[in-house]
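Copied over from TrEMBL:
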- 175-208: transmembrane segment (TRANSMEM)
- 269-287: transmembrane segment (TRANSMEM)
- 536-701: domain 'SSD' (DOMAIN)
- 537-558: transmembrane segment (TRANSMEM)
- 570-594: transmembrane segment (TRANSMEM)
- 600-622: transmembrane segment (TRANSMEM)
- 643-664: transmembrane segment (TRANSMEM)
- 676-701: transmembrane segment (TRANSMEM)
- 1012-1032: transmembrane segment (TRANSMEM)
- 1039-1058: transmembrane segment (TRANSMEM)
- 1064-1088: transmembrane segment (TRANSMEM)
- 1109-1129: transmembrane segment (TRANSMEM)
- 1141-1164: transmembrane segment (TRANSMEM)
- 1181-1214: region 'Disordered' (REGION)
- 1189-1199: compositional bias 'Low complexity' (COMPBIAS)
Amino acid sequence: MVFKWLFFSCRCPSCFYNLINLFCELTCSPHQVHFLNVTKTIPYYDPVTKENKTSITELEYYIGESFANAMYNACKDVEAPSSNDKALGLLCGKDVKDCNATNWIQYMFSKENGQTPFSIIPFFSDISLHGMSPMNNATKGCNESTDDVTGPCSCQDCSIVCGPKPEPPPPAAPWLLLGLDAIYVIMWISYMGFLLVFFAVIFGVWCYRKRHFVSEYTPIDSNIAFSVNSRHDSGEASCGERLGERFENCLRLTFMSWGAFCVRNPRPVVLFSVVFVAMCCSGLMYIKITTNPVDLWSSPNSQARKEKQYFDTYFGPFFRTEQLIIRAPHSKPHIYSPYPSGNDVPFGPPLDKDILYQVLDLQNAIENITASYDNETVMLKDICLAPLAPYNNNCTILSVLNYFQNSYSVLNHSVGDEFFVFADYHTHFLYCVRAPASLNDTSQLHDPCLGTFGGPVFPWLVLGGYDGENYNNATALVITFPVRNYYNDTHKLMRALAWEKEFISFVKNYQNPNLTISFSAERSVEDEINRESKSDIYTVVISYAVMFLYISLALGHIKSCERFLVDSKISLGIAGILIVLSSVACSLGIFSYFGIPLTLIVIEVIPFLVLAVGVDNIFIIVQAFQRDERLPGETLDKQIGRILGDVAPSILLSSFSETVAFFLGTLSTMPAVRTFSLFAGMAVFIDFLLQITCFVSLLGLDIKRQERNQMDILCCFKGGEEERVQPSESILLLFFKDIYSPLLLKDWMRPMVISLFVGILSFSIAVAHKVEIGLDQSLSMPDDSYVMDYFNYLSKYLHAGPPVYFVLEKGHNYTSLEGQNMVCGGVGCNNNSLVQQIFSAAEIDSYTRIGFPPSSWIDDYFDWVKPQSSCCRVYNTSGQFCNASVVDISCVRCRPLTQEGKQRPQGEDFMKFLPMFLSDNPNPKCGKGGHAAYSSAVNFINNNSVGATYFMTYHTVLKTSADFTDAMKKARMIADNITETMGIKEQNYRVFPYSVFYVFYEQYLTIVHDTIFNLCISLGSIFLVTTVLLGFEVWAAMVVSITIAMILVNMVGMMWLWGISLNAVSLVNLVMSCGISVEFCSHVTRAFTVSTKGSRSERAEEALSRMGSSVFSGITLTKFGGIVVLFFSKSQIFQIFYFRMYLAMVVLGATHGLIFLPVLLSYIGPSVNKAKTRAAQERYKGAFPMKTSSSSSSSSSSSEKTCTDQQDHLYLQT
């Protein structure tokens, strides 16, 4: 007992001084007669001296109460670094919180501790008692030096030196106005202000119109409402208008010529397209799919990725984890009553001995699991983490049973007589949870607590469901099998994966009615995601099949049942779909050529995106032809060329805007977003190229087939006589033209629309900051996955979070006193040293999320090398290390028991003894050996200097993405502060924290910035491209950008309403929604800019009538059917991030593009381009020669109206 206490107390010289005083006065003081009273003796015969002697069996020791309290106060804060606990808790017989000066000394002097040879009864008093004068020697406080050489105790071991316990900063006060969330109040006031101004303007305009009209029934004056034919005197076109008209005309003529060429030469065009697709798709032979989560979510240049690389390089990759959480639902708690005295101690259900037997059976069975890989047998011992190998090949198993060395006999060990049990597994358990690094408990059992692998088993890692630090109340057991990781050795990694597969199969099939087991292996998450992907493939296939069926049937205008197969366009629809899918395959193939791997997000999302873009364009082209009437003398190729000249600029506008926006999205630092943007941009661009080449040629062939009355699909059969395809208008077009558009753009409807959409926008802005950040890992699992139970148990029962390593990069000088003081936490160390700052952070764990003091190799090394301990010894003949357990007279202390020897080793001495410490295995004579605990914590440079090192602790329990992100943020803050206080920033090395989850959660530190950056880049590119391709219509491009921005903001508001968090998956969807929104907005806007109607309302109505039906049928209806199918997916991630976001994407896009945008254009749309108007008149005159002047005035009037309608119809085929 004395040896153990001296071993720990030497960390604090004052505590050591006082304790030595207590025992020296007991054993060899010349004044013993004043404070020692022998009360019981027994005679015995000494065979050596052959004399009869007396042996003491009981002694009274009178101790000054002031001395006892002072000694306790000097020792109460002393740490045991290897166990992350107070040293006092190891040898007080009670928990630290229940220990005081009296019961501590009583326990040390009691025979019940199994260490004291006879009973010593202490009496505490500062005055004479029973005729005795208590020993009341002078003491040293922990903040005092014991001599001129040794300093006071460290801050870590003496709270007085530290000052008051650090207090976490108060949480940021919520920003409130009028007692409510400030953002809510601001947006409400802004919305009310907008409504006030908006309706005031509306009322003002209405009054203005009333003053200029005779009555509300009088037609509007022609100066206010005008048409193309009434604008001859409206002034000259500006330079910008002329430039825009020329650019527009150039595009129209280019696409007109190209369309005619494709129709005249369908076979070469189709053949060339097929060859191009085949060449691109040949790259699929080199396709690589990235499934490594690190590559998916972390940029190679990110801070976490670089730190992970540094850690793996110097300390090896973090181990793989196989873990079980075990409950005993049918067992009940039981009470342990210590004998002969002590309070009753309740024990949780899984700590019943019978349950522990069964758990040990399970643990042994897992150790004996045999797997096979490449004709090799693989067992746990072949792949496990064995820190003492080759001296000790026992696997690291973090289990409560390792307190009993995984042995049935140790678990059964008890001491007692025929009437009472003095000590059993309960006693040993209660001791080990306080001293997990002990090699000999203080009970009568004298069993070790150290695990068979040579390291301590901390109770918070192996027990769950307890309250406070009452480990005996645990309701769950946690067993963890660390397995070595092999990033750069595929063969060894596959061996580990093979064993994990057998482990999963074994535990799944394990039957024990008394145990409830939830478990996970390192490969479990990836396995379950793959299983989920395979199970959802049918859902995805059905989703796309529904969309394909709709497209194939919706393209044709069926006039009668007899002409169903003649007028249908099933084959053309299938061809269009194949073109869309080919563009996706080409994109994958092209980048596979260059070795760029794709991800599951690319495979799942891009077909949906390109289908939306491609199908919309298909509907626009086909429906434009179906509504067009062939001009007199016009051939089919010229007609399609003319139609393509009208609609292709609109298609180019949307496709090129999306392409540029996606390619600029590759500027993102997030690999998932960057990869998606790269593949999506190329797929959209290739889709556009194939549609204006291959699809136009196929359309020409299909029309010829229809004019010859050949049946669709069965083209060898005819359905009747040949006839020219007549223009027709679908029911949807008539609905938009005759009902929907006039209703939407009525004077009383438009203010309501603006008010509603601005209200929705205000709401979305108000709740945007409430959207959660992160991705709950349980969402990536199928509902029926065994890992779901594990995740639930993990958050419910675990009491420690992931390990965190504070890494001090190479470059630090550990051999100098100054360098040591910057790092260590013992005597003489700086109060703001590395270890001390981590210790202080653990004091306010609720704020810092650092749960425990760090394991400090340098402090344990200093304790190990001190001459007061028996750890550091060498053979006096060879100078080689001599383990403390070796009994040999030639083994001498490493350092002399002098003032100089008691000081810390520096210079060559530091490096001389450090390798010995790191190779020393713990043993009963010296529990400080660093081989098991620290062999991987110190990296040597050329075996003559210390390189990178780490100091390990644990985070607190982390349950949500916000917890993980905050833990990483706080750990980095602590490390940055350590780097700054050490003053090493200018020396090109630093301190950084590393935990295995940082590389996945770092993205959430910047996810908001990344989201804003990506969406702003996309919006900016869309604005620039739209400005150019609309013929330099800057205001029209601004209106499009504003509408798309509203859609994106409303998407964020919807995410809050629907409980969708912001992460890489949802960011990809937001970027994709930006692209799809272009489809909803650009076509209507371009139709508005080329319209020659008189007022903005009329132009908006015409644009919506012409383009609304194509956009609605091409995107909204197509996607809606496919999206609904996703609702039935078993995958939570599909239901949340695909079904919900895709549905919101389509609904918000359609409502903004087909409701809000036309109304907005009717208010603030750009004015008519004079140059385009006059160009339209010239084209009209060429297409419809005017009658001679002999025509009657009535005919002229009628002709003028017809002329205007036909002209508008001709120019607005889009």
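Cβ atoms here come from the backbone N, Cα and C positions, even for glycine.
TrEMBL does not curate its annotations; it predicts them automatically.
For the transmembrane segment (600-622), the neighbouring stretch richest in Cβ pairs under 8 Å, chosen from 175-208, 643-664, 676-701, 1012-1032, is 676-701. Remote same-chain partners of the transmembrane segment (1141-1164), defined as residues 6 or more beyond its termini with a Cβ less than 8 Å from a stretch Cβ, comprise 608, 741, 744-745, 749-750, 753-754, 757, 1035, 1039, 1042-1043, 1046-1047, 1050-1051, 1054-1055, 1058, 1060, 1066, 1069, 1072-1073, 1076-1077, 1079-1081, 1084-1085, 1088, 1096-1097, 1099-1101, 1103-1104, 1108, 1111-1112, 1115-1116, 1119-1120, 1123, 1126. A contact links the transmembrane segment (570-594) to the transmembrane segment (269-287), because at least 3 Cβ pairs that are 6 or more residues apart lie under 8 A. The transmembrane segment (676-701) and the transmembrane segment (537-558) are not in contact, since fewer than 3 Cβ pairs between them lie under 8 Å (pairs 6 or more apart in sequence). Residues of the same chain lying 6 or more positions beyond the ends of the transmembrane segment (269-287) and with a Cβ under 8 Å from any Cβ of it are 261-262, 582, 585-593, 595, 598, 686, 690, 693-694, 696-698.
The list of residues near the transmembrane segment (1012-1032) in space but at least 6 beyond its ends in sequence, with Cβ under 8 angstroms from a Cβ of it, reads 240, 243-245, 247-248, 251, 649, 652-653, 656-658, 660-662, 664-665, 667-668, 673, 1038, 1040-1041, 1044-1045, 1048, 1067, 1070-1071, 1074-1075, 1078, 1082, 1085-1086, 1089, 1169, 1172. Beyond the transmembrane segment (1039-1058), the same-chain residues lying 6 or more positions past its ends with a Cβ under 8 Å from any Cβ of the stretch are 757, 760-761, 763-765, 767-768, 770-771, 1015, 1019, 1022-1023, 1026, 1066, 1070, 1073-1074, 1077-1078, 1080-1082, 1085, 1136, 1140-1141, 1144-1145, 1148-1149, 1152-1153, 1156-1157, 1160-1161, 1164-1166.
Averaged over the domain 'SSD' (536-701), the predicted model reaches a pLDDT of 83.
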